[in-house]
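S.K.: Attaching a single structure in structure tokens format; questions to follow.
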Amino acid sequence: MFGVSMRTLISPSLAPFSLHLHKPSLFSTALRFSFSINNITPTNSPPSTISTRKLQTKATRVTSSSSSQPLSSSSPGEIHVVVGPMFSGKTTTLLRRILAERETGKRIAIIKSNKDTRYCTESIVTHDGEKYPCWSLPDLSSFKERFGFDDYENRLDVIGIDEAQFFGDLYEFCREAADKEGKTVIVAGLDGDFMRRRFGSVLDLIPIADTVTKLTSRCEVCGKRALFTMRKTEEKETELIGGAEVYMPVCRSHYVCGQNVLETARAVLDSSNNHSVVASSL
């Protein structure tokens with residue numbers, strides 16, 4: 001894992017948890033939040049397998065403040081990075097921060113990778129069912145054109161990026177937005193994959209970030225602090241979209257033990273498959 005001597009956005013140790021709750025997302029150490037936001041319910045409701053509680057928002061994909069004056073880009077912006085394993089509350093934290101910025105009168109937009117199709121394509125959705133409209137894009141370089149160059153330059157203050165590990169142009173986009181265009185960029189994504197290797201270019205943002213927050217979850221086995229994501233299935237590709245049916249948050253001890261169990265099970269399965277192939281060829 002990496003260490004950073006930077007102030008964090010939230011304190012993971014304050015999050016509630018209960019070992020008796022079934023959903024891994026409720027083990028998250030991210031702070032829960034509640035906003036009183038009125039009048040529009042975003043479309044594309046999450047499926048019934050998640051909570052039906054939704055954020056009521058005034059925004060569609062972009063929220064404008066009462067002022068429509070062009071922005072001044074004379075001063076640099078900021079970059080804030082939120083990382084952690086699955087079910088640690090990264091999207092929840094991103095959404096809380098973005099809505100807090102909106103409450104101060106900032107104009108906001110949220111982007112997520114179009115690879116994330118778990119709940120709905122036109123909104124970011126937390127594991128608890130809270131949602132907010134967003135731009136679902138294959139890359140970040142197309143955002144300015146889709147959003148509108150003039151609107152991007154003059155009527156946008158804060159950009160949220162969810163599932164950031166899937167964007168290959170993440171570093172370049174964030175650096176330019178903050179350094180040259182005066183935007184505040186809040187990024188949420190996985191720092192490591194199921195093999196505990198770096199995932200995408202999220203970690204590349206640390207040297208240019210104003211703050212970095214490392215969230216943790218709760219181990220699905222023992223309830224201790226979970227830093228890692230374990231894959232339950234046999235697939236070995238890095239990018240495999242899934243939720244609790246595919247992944248679980250685990251502590252270091254159960255990651256190591258679990259990996260040994262999974263590797264043994266896979267070896268037995270491979271051996272059984274090989275014997276079946278040999279027998280069928282006789």
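Even glycines carry a Cβ here, placed using N, Cα and C.
Okay, so Swiss-Prot annotates it like this:
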REGION    45-76  region 'Disordered'
COMPBIAS  53-63  compositional bias 'Polar residues'
COMPBIAS  64-76  compositional bias 'Low complexity'
BINDING   84-91, 116-118, 162-165  ATP binding site
ACT_SITE  E163  active site, proton acceptor
BINDING   F194, T238, E239, L240, I241, G242, Y247  substrate binding site
BINDING   C219, C222, C251  Zn(2+) binding site
S.K.: Taking the binding-site residues one at a time (D116, E163, E239), which has its Cβ surrounded by the most other Cβ atoms within 10 Å?
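M.R.: Of D116, E163, E239, the one with the most crowded Cβ is E163.
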S.K.: Would you kindly give the Cα-Cα distance separating Q165 (ATP binding site) and E239 (substrate binding site), rounded to the nearest Å?
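M.R.: E239 (substrate binding site) to Q165 (ATP binding site), Cα-Cα distance: 10 Å.
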S.K.: If we check Cα distances from C222 (Zn(2+) binding site), which of the binding-site residues G84, S88, K90, E163, T238 wins as closest?
M.R.: S88
S.K.: For D116 (ATP binding site), name the DSSP secondary structure in the helix/strand/coil scheme.
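M.R.: SS state of D116 (ATP binding site) = coil.
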S.K.: When you rank S88, T238, L240, I241 by Cα distance to C251 (Zn(2+) binding site), which of the binding-site residues ends up on top as the closest?
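M.R.: The answer is S88.
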S.K.: Measuring Cα to Cα, how many angstrom lie between K90 (ATP binding site) and Y247 (substrate binding site)?
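M.R.: It is 15 Å, counting Cα to Cα.
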S.K.: Indicate the candidate from F194, Y247 with the smallest number of other Cβ atoms within 10 Å of its Cβ, considering only these binding-site residues.
M.R.: Y247
S.K.: Hey, how far is L240 (substrate binding site) from D116 (ATP binding site), Cα to Cα, in Å?
M.R.: 10
S.K.: Out of G84, M86, S88, Q165, the binding-site residues in the record, which is closest to F194 (substrate binding site) when you go by Cα distance?
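M.R.: Smallest Cα separation from F194 (substrate binding site) among G84, M86, S88, Q165: M86.
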